[in-house]
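The structure appears right after this line, and notes come after that.
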């Protein structure tokens, strides 16, 4: 795929379980760009899993690390970045994301997110008595913030990963980021 503006980063935002890492990795592969996941980068740098960081430093400590990682990663050019679900909580992160890349909000309804994440013990915010209710509350609080920093929204629904990747590539083509989408 030919890039019209090879310097524009493609950044994925959305709630946990929306598919940011899976879709982002596939988009990066199709665009022949490096892929980064901010949560994975934090884990690699600290040598600790996200739940351990939450336990030791609290959510505020983790969000500090996340803001630093986002600032660092978005200084690069020509990358595809998947952010953590709460990356948009801080106004400075929303501003950086919006200014330093083309932001794709992968929107999924809370029920689908619950089905995808219900058995995952590596999601500290869902370690509650009612994780489905927690996802609904997170969606209500965060949806406006995702929309604020997004350049466009992709409704994930139930299409395949390849279907979502093609939708993203079509949006990138319409935004002038790539010349034309390639089929997988």
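First residue shown is number 1, and so on along the chain.
The backbone N, Cα and C atoms fix where each Cβ goes, and this holds for glycine too.
Note: residue 20 (ATP binding site) has non-local neighbours 12, 13, 14, 37, 82, 83, 106, i.e. same-chain residues 6+ apart with C-beta under 8 A of its own C-beta. Residues or ranges marked as ATP binding site in Swiss-Prot: 17, 18, 19, 20, 21, 22, 123.
Within its own chain, residue 21 (ATP binding site) has 12, 37, 40, 82 as residues 6 or more apart in sequence whose C-beta sits under 8 angstroms from its own. For 21, the entry in Swiss-Prot reads Mg(2+) binding site.
For 39, 63, 85, 142, the entry in Swiss-Prot reads substrate binding site. Around the Cβ of residue 39 (substrate binding site), the number of neighbouring Cβ atoms within 10 Å comes to 25. Annotation note: residue 39 (substrate binding site) sits in a helical segment as assigned by DSSP.
In this structure, residue 142 (substrate binding site) is part of a helix by DSSP. Contacts of residue 63 (substrate binding site) defined by a Cβ separation under 8 A and a same-chain sequence distance of 6+ are given as 86, 89, 90, in order along the sequence. When the binding-site residues 39, 85, 142 are screened for a Cα within 10 A of the Cα of residue 18 (ATP binding site), the ones that qualify are 85. Residue 21 (ATP binding site) falls within a helical segment according to DSSP.
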